[in-house]
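Before any comments, here is the structure.
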Amino acid sequence: MSHTATALRLGLREYARTPVLLALFAFLPVYFVAVFAGVAPSTPVPVHLPGGGTATHATADAVVVLVAPIVTALVVGITGLFVLRATADADSRLVIAGYDVRSVVLARFGVLAVVAIVETVVTVAVALVFVSPGHLVGFALGVLLAGATYGAVGVAVGVVLDRLAGVYVMLFGPTLDVFLFQNPMTDSAGELPALLPGHYAGELVVAAAFAGDLPVESIGWGLVYLLGVGVVAGWAFARSASPA
């Protein structure tokens, strides 16, 4: 077994031994999506579509579509924060034992990827109980993009903040980003929304859910944004794995 695979297995085992992360992983999608779907009114509301135009949908449907990427971003973002903060000493010991820093970094990204993919499947499955996206694959890709992007952001946050402060940032950051700045039920024109991590994922889920489209431009720019924060996260992982 390669060093990367071994480190990935150890990382997933450590994740499974963290009750807080497991609780978030299993409980948050069901709770958030179901509660918001239950309390949001069915009043029709105009939804602003990426690229222009509007479509009228029930407020509850729009809220569920927004909550799905938020939940995934929360879970994967907090995972990124915990992985960096909790595994720094273990990563350093692996490097001292002969593991290449690159193998350790790839393994940590592997943990985030596994969590993001599985959390996307769970969240989309719960969301489908309440909404029927016009383009299911595009909707799932948007949810996954939100999780992956905020997973990398969580790693970066872990460099500058301790665990408690970082958790607060990762709880409120995605929620304010998507609900306030990327909300298609309001006219959020301006430069700031496009600079935030949830922008392209938000465009993707809205276009897929309400227009039945798969906006290639949003996917492309979303991947560019993900690459940028991924580079920062890679540096953070490498920094934490390097022995002092």
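Every residue, even glycine, has its Cβ placed from backbone N, Cα and C.
TrEMBL labels come from automatic prediction, so no person has curated them.
According to TrEMBL, the features are:
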type	residues	note
DOMAIN	42-238	domain 'ABC-2 type transporter transmembrane'
TRANSMEM	20-42	transmembrane segment
TRANSMEM	62-84	transmembrane segment
TRANSMEM	105-130	transmembrane segment
TRANSMEM	136-157	transmembrane segment
TRANSMEM	164-182	transmembrane segment
TRANSMEM	219-238	transmembrane segment
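By number of Cβ pairs under 8 Å, the transmembrane segment (62-84) is matched best by 136-157 from the list 20-42, 105-130, 136-157. Residues 80, 84, 91, 101-102, 104-105, 108-109, 141, 145, 148-149, 151-153, 155-156, 158-159, 197, 199-201, 203-204 of the same chain sit 6 or more residues outside the transmembrane segment (219-238) yet have a Cβ under 8 Å from a Cβ within it. Ranking 20-42, 136-157, 164-182 by CB pairs under 8 A with the transmembrane segment (105-130) puts 136-157 at the top. Distant neighbours of the transmembrane segment (164-182): 66, 69-70, 73-74, 77-78, 81, 85, 146, 150, 153-154, 157-158, 188, 192-193, 196-199, 201-203; these residues of the same chain sit at least 6 beyond its ends, with a Cβ under 8 Å from one of its Cβ atoms.
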